[in-house]
Structure formats: C-alpha cells, structure tokens
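Per Swiss-Prot, Zn(2+) binding site is recorded for 638, 642, 739, 743.
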C-alpha cells in the first residue's frame with residue numbers, strides 16, 4: 001500500500017495536527033484571543049497553555065480531560081519580546097502559531113512522547129535519524145520511554161541537568177511561577193545537517209542553527225513550595241507546544257521560516273506594494289511578519305494608542321511602515337496587505353475574514369497618521385547622525401572623501417583649522433548639504449565633495465543622544481525601538497539612559513502641571529481610616545489629623561482653609577474617575593464645609609475645605625455628613641458608565657476598552673479605544689440599550705473577593721491596572737466590572753440616560769459625554785427651548801421647522817446667485833474703468849489698484865477681464881476689509897518669462913505684513929497692514945521695470 005504524501009502546506013499541517021489528536025480522543029479547542037481574558041498581568045497570549053492556566057492551577061474545570069489547539073501567539077513587549085530580532089534572523093517572529101496538546105490528569109509521559117513520535121515520523125514523515133531528544137537529567141522515566149520503548153538511540157537522547165544556577169533551574173525543568181505546578185520537560189530537536197553550523201543541545205555550540213527545537217513536552221508532576229522543595233501532584237498534567245512555522249520550514253525543505261509558503265505569499269505581497277524586486281530584502285520579512293501581528297491584534301480589539309497593548313501595536317505598525325519607507329514607499333501601503341493575509345489565514349481564523357474591512361481601516365488610519373511626521377522625523381535623525389559623523393571626523397582631524405570625477409579616494413587633513421571647522425559644523429538640525437557648504441568654506445580643497453555621506457563612511461562608535469531620541473519619540477511619533485532599528489543598521493548606538501531621563505523629566509513636568517489627586521505631600525503616619533460610605537452618608541468620627549497650608553496643625557480656626565483627617569468617614573475620596581464627595585463636618589458651633597475629598601495614601605482620606613465657624617481640634621468628636629443630592633447624582637452617573645461601557649462593546653466591538661473617565665454630579669465623561677467617530681445611528685443604539693437596562697430596574701450588587709475568584713467570575717479588568725489581593729466585583733444590569741466606587745441600588749434609580757457629546761481626544765481614542773436623571777431632563781428642556789426659539793424666529797410650528805429651514809436656505813442660495821451675478825457685472829465695469837489707469841513700463845502695461853468691497857473671486861474675475869483688455873500686462877489688484885488686505889497678481893503669457901505673478905504678489909504682500917503664492921500667471925496673497933497698502937501698490941511699477 002502506498003504511503004500517503006506527508007502534509008507540507010501550512011494549512012495542511014494545521015489540519016493534520018488537529019485531526020491526529022482528535023483521533024486520540026482530544027477535544028479541538030479554538031484559539032483564544034491574543035488578549036488574555038483571565039490574566040490582566042499578561043500583556044499577550046504567548047503560548048497555547050495560557051487559556052488553560054486556571055485548569056492547571058485547579059481553579060477551573062473543563063468538560064474534557066484531553067485538549068488540542070492551534071493557538072495564535074504574540075511575543076512583542078513585556079518579558080517576552082522578539083520585536084527587535086524580527087527580520088534579522090531565520091526564526092524570530094512577533095506573531096506565531098503554536099500547535100499543542102494537553103492532558104488534565106489523564107494520560108502522561110508515555111502517551112505524550114509516543115504520540116509525538118508517531119505524528120512526526122508517520123504523519124509528517126520526518127526521517128527518524130534526523131530527530132533527537134532532551135530530557136531532564138533526573139527524569140529516568142522519560143529517558144527510558146525514548147530509548148527502550150520508542151527506540152531512539154541513547155546517543156540521541158541527551159540528559160540536561162540544572163544548567164541555570166540552582167536546583168531545578170534547567171532548560172529541561174519547567175515552572176509556571178516561583179511556586180506551584182512544575183515538572184521536567186522533554187524537547188524534540190531536528191538536525192538540519194552538518195552543512196549548517198551548530199552543535200547539539202547541551203554542547204558549547206548549541207546556539208547554532210543546525211539543531212532546532214521543534215516540540216516541547218512539559219510534564220507537570222510536582223508542586224513547588226516556597227523553600228524550593230517539590231511534592232508530587234495528585235493528578236499530573238501534560239502541556240506540549242510546537243511552533244507551526246518551524247515545522248513547516250522542515251516539511252517544505254527550507255531553512256528559514258520566511259521561506260515557507262505562507263510567508264512567501266506575504267513577502268510577494270509586500271514586494272508588490274513597495275515596488276521591491278529583491279525578494280530576499282530583510283525589510284520585506286519585517287513587513288510580512290508585522291502584518292500578521294497587527295491584523296490579529298486589531299481583530300482581538302487592540303488598536304494603536306500610546307499606552308499598554310495599544311502602544312505595542314503602534315510600535316509594530318510603525319516599524320513596518322518605516323521598513324516600507326526604507327524600500328522607497330512614501331505613501332500608505334501596509335493596510336493593503338490585509339486582503340493577502342486573509343487569503344492565507346482566513347479559513348483557519350474566520351474572524352480575520354469577518355473583520356477584514358475594519359482591520360484595513362484601523363491600519364490605514366495609523367499609517368496616514370504616521371506618514372504625516374515620518375519624513376520629517378527621518379530627516380531629523382539623518383541630520384543628527386550627520387552631526388555625529390562630522391564631529392567624529394573633526395576629532396580625528398582627517399576626512400576620507402571621494403572626488404566627483406573618477407571616484408578617486410583622497411585624504412584631507414584639517415591641520416590647524418580643526419577648531420574653526422568644528423564650531424561651524426556642529427549646529428543643531430542642519431542638513432548635510434549645509435554642512436558641506438560650510439566645510440568647503442572652512443577647508444580648502446573640498447570643493448568637489450557633494451555630500452557628507454561621501455566624506456565619511458565609518459559610523460562605528462557613534463552614539464545618538466538620548467534627548468534627540470526622545471524628541472523623535474515625542475514630536476515625530478518614533479518609538480524608541482524604531483530609532484534603535486535605524487541606528488543599528490548603521491552601527492550606531494542610542495543613549496537609552498538619556499532617553500529615559502528625558503522621558504522622566506517630561507512626566508515630572510506633566511505631574512507638576514496637573515492637579516495631583518493624591519495628597520502625598522502631607523506627612524501622615526497614622527492609622528488607616530475606615531470608609532463607611534457604601535452603607536450610609538453620615539458617621540460619628542474623631543479628628544485624627546489637621547493640616548493647614550500643607551503643615552500638620554493641632555487646630556483649625558474659623559475662616560481657615562485646611563485638610564481634616566477622620567478615623568471613620570462616609571466621604572468617598574476621588575478614585576477610579578469618580579470625584580470626591582462634598583458635605584460638612586460639624587461639632588457644636590464648629591462647621592467645616594468639605595469641598596473635596598482626596599486620598600493622602602491609599603487607605604487614608606483627606607477632607608479639603610474651609611472652617612466656616614467655630615474651632616476644630618485634633619481629638620474632637622465630630623459628625624461627618626455627605627451632601628446627599630450630589631452623591632446621588634454622582635452615583636447615577638457612575639452606575640450608568642458601567643452599563644454604557646458594556647453597550648459600547650456590544651455596538652462598536654470588543655476592541656472598545658476604557659482609556660479614562662470622569663464621573664461627577666453633572667455628567668459622565670468616558671474615553672475609550674475606537675478608531676472612528678461614533679455615528680448618530682450607533683449613539684441611538686447605545687442609548688436604547690442603556691435605557692432598556694435602566695427600565696428593567698434590576699438590583700445592583702457588590703461582592704468583595706480575592707483577585708483569582710474575581711477573574712473566574714468573568715469581571716472586566718483593565719490591563720496594567722494594579723489590583724490588590726482583595727477586589728470588589730460590581731454587577732449593574734448585565735455589566736460586571738471591578739470597581740470601588742459608589743453606585744445606585746437598582747438600575748431604575750439612574751432615570752433617563754442621554755448622550756450629549758461625542759468627540760476625538762487622541763489618536764484612536766474617542767470620548768462620549770452623557771447625562772442622567774435630573775441632568776438629562778434639564779438637557780432635554782434646554783433643547784426644547786432652543787427649538788421653540790427657532791420656531792418663533794421662523795414663524796412656524798416646531799414640527800415644521802426643518803421644512804422652513806430648507807426653504808430659507810434655498811432663498812439664501814438664490815440671493816447668493818444674484819449677488820454673484822451683480823459682482824460679475826461690477827467687475828466688468830470696474831475693469832473698463834481701471835484699464836485706463838495702466839501705465840506703460842518698457843512696453844508692458846502695469847496696473848496696481850484697489851477694488852473697494854471686492855472678495856477673492858471678484859479680484860480674480862476682474863483680473864481675467866483686465867488681462868483680456870490690456871493684452872500684455874502685469875497687474876496687482878487689492879481689497880481692504882478692516883485691517884486685512886487681499887491681493888491678487890496676474891501676468892499675461894507673453895510677459896511671464898520676465899515677471900512671475902507669484903514673485904510679484906509676494907513683493908507687495910511683504911510690505912503689508914503678509915505672504916502668498918500661486919502660478920506664474922495668477923497668484924493670491926493676504927496681509928494685515930492695510931495702512932501700508934497705498935505705498936506698496938505705488939512701488940509695483942518700479943519693481944516691474946527692473947525686470948522687464
């Protein structure tokens with residue numbers, strides 16, 4: 001019987017892997033999103049086991065004990081970051097696919113290793129003599145399975161001990177964390193052959209490319225304690241992972257992952273879009289890799305931004321764009337590759353095909369944004385490197401250069417002119433041509449040199465200043481790794497410490513300029529206060545500290561502003577976007593008006609305000625009362641923010657993530673990740689969904705639990721947010737989030753919800769403002785008043801004002817047409833009158849005059865009629881509106897060789913505080929000094945005479 005042909009295409013390899021393990025009783029589990037839903041501390045899904053982490057920890061249980069999947073993974077940013085290596089090696093990627101199979105307390109080492117061998121040798125047809133394995137030095141069980149049961153020769157099974165400096169610190173011993181599930185692993189390697197440098201694993205040359213790891217089988221059989229000791233787990237598990245791209249390279253008989261069929265297609269597409277003929281160009285590899293990463297990120301809700309996952313996305317997109325720019329593509333192109341990616345991977349990942357248009361739009365918007373600054377940023381970077389080159393050359397006192405004829409290499413010594421030349425050359429942000437002109441003036445004999453790059457070719461040892469790298473980041477949108485990329489290509493290092501220092505300075509300035517919402521400057525070393533504001537608005541308390549002008553005090557007198565700290569308080573301190581409570585603190589005749597409540601530290605609240613009467617002293621017993629009306633309004637707006645957040649994700653997509661919020665008694669302001677304006681129809685749908693939840697009048701509920709339990713509830717968590725061991729899970733309608741704020745008891749307490757504003761606040765960030773309850777009523781009443789006033793002005797019922805406005809607009813258009821016709825007649829008559837004012841200058845008619853009340857169109861129309869009438873002329877017409885001046889210049893075709901309209905209009909405009917430009921026959925300008933216009937017009941004839 002003929003043996004079936006082994007699968008080789010990426011698509012076939014994927015399918016055959018899943019089919020194989022399905023035949024072994026495994027449940028095929030879809031790839032989980034790149035954004036981990038169960039771990040806010042992990043930036044991206046970086047392995048197949050991430051979605052099963054809770055199963056291994058024992059906090060989750062699945063309806064199956066065997067699983068297999070092909071997992072989309074990303075390693076860019078955070079601990080696992082391959083970004084800087086992509087494009088420079090054969091196997092580094094930002095995005096990759098991990099083939100895996102898992103056992104949750106079911107089968108163990110024997111089945112895992114035997115099935116791996118069966119799949120590799122019988123299904124994929126890999127030569128057995130090309131395979132070898134590693135095991136942990138003490139794992140005799142795995143060693144015996146390989147040598148005695150599978151039949152791998154002992155010399156091809158390598159024991160790896162504790163080679164990382166400690167007990168169980170080994171390439172072949174896997175740990176989920178410092179404590180918890182762990183165990184030995186067995187890695188399978190493929191030998192590419194002796195023609196490729198490198199030694200087997202465990203040897204001094206193991207980092208070579210000859211022996212490549214393709215599959216890792218992890219056997220979680222121990223639980224590690226804090227003291228480093230291990231005890232057997234009651235139900236050992238298996239976790240395996242094999243890189244799809246590496247396996248495909250082997251099966252397709254190529255050495256580099258970038259030569260496999262999937263990448264070959266993407267590289268062809270990148271070459272098409274950039275106009276590149278050389279398919280081996282490393283920049284094409286970068287672009288092909290990055291389109292996978294960025295498209296999958298968008299499909300999982302990550303859009304480019306300036307923080308967290310969004311910033312990693314931005315870095316990857318802009319790195320790809322820069323490589324396209326390097327290949328000569330100066331306009332957006334990257335988004336055009338999405339269709340090619342969908343053709344390659346859309347069948348395996350249907351969400352790519354479903355979201356193709358949105359992915360394309362997001363990437364195109366980011367490209368257009370970056371292309372606005374890319375060219376200027378590259379010019380600045382090139383100029384900065386030129387400065388470094390010139391400085392280095394001058395320090396060496398010798399320049400290596402080429403004569404323009406014959407390319408003969410010569411040396412020029414600066415001798416005694418070094419200091420002079422250095423002073424001339426080292427100036428900020430000049431261009432290479434300017435350096436060379438100065439250099440030619442300073443050093444005799446360099447007249448034939450054209451560019452600084454032809455003068456100096458040795459970039460080694462140069463360092464780009466950190467403050468300049470920060471300027472590229474801050475002003476031109478260059479991520480640091482992009483600047484590093486450019487510099488590395490030229491052998492230049494970047495002063496990253498200087499970059500960080502500049503970044504820290506800017507952050508410090510931003511903090512100083514803003515209202516810092518935690519009074520860390522107050523020196524309070526006492527105990528934490530107890531917050532009772534979830535349960536009530538009044539509290540009997542004792543004053544434990546008083547601050548006046550930032551300094552600790554024992555008493556506060558009438559008329560003084562200060563900060564009061566209580567042992568217990570019902571006042572909510574500003575946090576999580578919700579403003580601090582207002583109210584009063586009183587005792588006897590003393591009354592302290594609380595204007596704001598801020599945190600002194602996480603568990604201590606400071607009550608800011610003014611003592612209106614009496615005296616308050618440390619130790620006094622007081623009554624604390626929150627302003628009930630303000631608190632109720634704030635709670636309505638905070639609670640509706642949660643419901644709105646969920647509605648936004650339902651209407652706009654799961655990519656919507658909170659980027660900031662402000663909740664007070666007047667309104668809620670919510671900033672979120674989204675790349676396009678929210679349409680009127682979408683806003684209506686969001687309003688409908690939110691008000692539907694309000695009308696349901698369901699109870700809200702808050703539960704305090706540990707962070708792991710909260711993760712299991714599916715509560716929304718914000719990546720990068722620092723959560724404590726104990727968190728508060730809030731249920732409002734169908735929304736579930738972690739929140740420490742104050743909220744309504746039932747959704748019906750919110751009242752009416754109405755969106756009052758939608759706008760963009762930053763690249764990829766939109767803002768919605770909304771009102772509730774009495775605020776919503778006031779907003780609608782104000783709109784009614786506006787409609788009533790408009791109806792009165794139009795003398796029409798409110799229901800008919802849109803029709804009446806349409807009629808009025810048609811009347812306006814008709815009047816505008818009449819005015820335009822009259823202006824045309826006026827221009828014709830004025831042209832006849834002005835033609836007689838032209839003077840003859842060397843055979844050319846010259847006219848400079850004003851047209852009172854003319855607009856730009858009238859100036860142009862009159863100009864055309866005058867040119868027809870005068871035949872051979874140079875004309876300047878101007879009009880004045882207050883202090884502003886409009887100027888038009890025109891030159892007939894026969895005179896353009898001597899007089900250009902653009903030069904003429906600038907000559908006049910420069911005298912009236914303005915500038916302008918245009919074509920040789922017609923140009924426009926503006927000015928701000930009407931008083932200088934008569935003299936400017938009087939000078940036109942002489943100016944033309946010098947050129948005629």
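Glycine is treated like the rest: Cβ placed from N, Cα and C.
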Note: in the chain of residue 743 (Zn(2+) binding site), residues six or more apart in sequence with C-beta under 8 angstroms of its C-beta are 635, 638, 639, 642, 700, 702, 730, 732
Give the number of CB atoms, excluding that of residue 739 (Zn(2+) binding site) itself, located within 10 Å of its CB.
24
Take the Cβ of residue 642 (Zn(2+) binding site) and count every other Cβ within 10 Å, whichever protein chain it belongs to.
25
Count the other Cβ atoms sitting within 10 Å of the Cβ of residue 638 (Zn(2+) binding site), across every protein chain shown.
27
Starting from the Cβ centroid of 638, 642, 739, 743, the recorded Zn(2+) site, name every other residue in that chain with its Cβ within 8 Å, sequence order please.
578, 635, 639, 641, 730, 732, 737, 741, 742
